[in-house]
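J.: I have a structure here, written as structure tokens, and I will follow up with some questions on it.
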């Protein structure tokens with residue numbers, strides 16, 4: 001046997017057999033435990049991997065595991081409407097896949113595969129826990145008592161118990177774990193102006209109001225907020241340069257007359273402090289301490305166009321700011337807009353000043369200019 005043949009034979013006998021590929025599937029409990037430790041910002045990207053991933057990422061068992069691990073977090077949901085479609089589309093803030101981050105920023109508004117979303121342009125939208133409630137609205141141009149809620153774990157709409165009164169364009173606020181809904185009803189008076197929903201008992205109950213509630217606030221509530229255990233409601237029109245309204249103390253079951261001097265565009269209550277944007281400025285107001293002023297530290301934030309749509313949201317104690325801007329391509333005829341998002345950490349200094357620290361801001365979605373920005377809400381999941 002030649003030396004060449006001996007080498008070939010030796011090579012054949014010493015070559016290891018390829019190892020068998022291990023089973024790619026992992027036990028369900030192990031996968032759920034892994035997913036429970038990952039930020040929800042990654043879920044939209046993970047859901048694209050397989051049907052099995054998608055089903056596990058929307059399971060109640062995963063929610064249970066996240067609660068056990070103390071790993072629940074705030075998740076931003078955005079509701080947009082694209083005419084002529086009357087039903088809205090829902091998006092969530094998420095991280096881009098690694099290969100796409102090099103092209104632009106890290107974040108994106110990912111469209112959610114939510115079916116049969118009810119109209120939201122004239123209903124009250126409010127977030128409570130892991131659910132987003134769609135309250136009232138218009139059915140065939142008439143007010144409705146219907147209530148549905150979006151389970152943000154399964155991203156499916158479910159029917160809730162009807163309100164006591166039919167309403168549209170009602171003001172909805174959360175105070176101490178309950179939803180208070182005011183106004184928006186035909187022939188409103190002190191017997192039907194406000195009602196409250198208890199998610200523990202799944203029941204609605206009318207709230208007794210002052211006899212002059214219609215004169216003070218009107219049927220259409222212009223400004224409303226829930227903070228410090230109170231629900232504030234103000235009419236749409238000024239009287240002698242002030243908005244006249246009422247405040248309901250939910251613990252004491254008492255009402256007081258109150259006034260509101262400021263014009264506001266977009267506003268949101270975050271940890272019992274009201275933040276609002278109006279005429280190019282961000283301001284804050286602490287009603288309990290009777291202090292307020294300019295929100296400082298936002299010099300790096302881009303200036304918004306005078307006609308920009310601006311929305312604020314409570315993002316886990318931070319402020320999420322979303323605004324739109326025309327795509328800077330004159331050749332396209334300005335047919336599209338870009339939605340921008342910024343996340344701002346909030347800090348009170350010296351007891352008298354409120355400062356914001358911009359954690360990031362970037363474009364997150366491109367939309368046609370005919371779109372409508374309905375709402376931005378944050379849930380705990």
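Placed from the backbone N, Cα and C atoms, the Cβ positions cover glycine too.
Whatever TrEMBL says is automated annotation, not expert-curated.
TrEMBL lists 25-64 with the feature domain 'F-box'. Per TrEMBL, the feature domain 'FKB95-like N-terminal Kelch' maps to 90-365. Taken from TrEMBL, the feature region 'Disordered' covers 1-24.
Context for these features, please: burial, neighbours, distances.
T.: Looking at the domain 'F-box' (25-64) alone, the prediction's average pLDDT is 78.
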J.: Where else in the chain does the domain 'F-box' (25-64) make close Cβ contacts, counting only residues six or more beyond its ends and a cut-off under 8 Å?
T.: 71, 73, 75, 92-97, 107, 110, 112, 130, 153-155, 381
J.: Reported in the order helix, strand, coil, what are the DSSP residue counts of the domain 'F-box' (25-64)?
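T.: Its residues divide into 28 helix, 0 strand, 12 coil.
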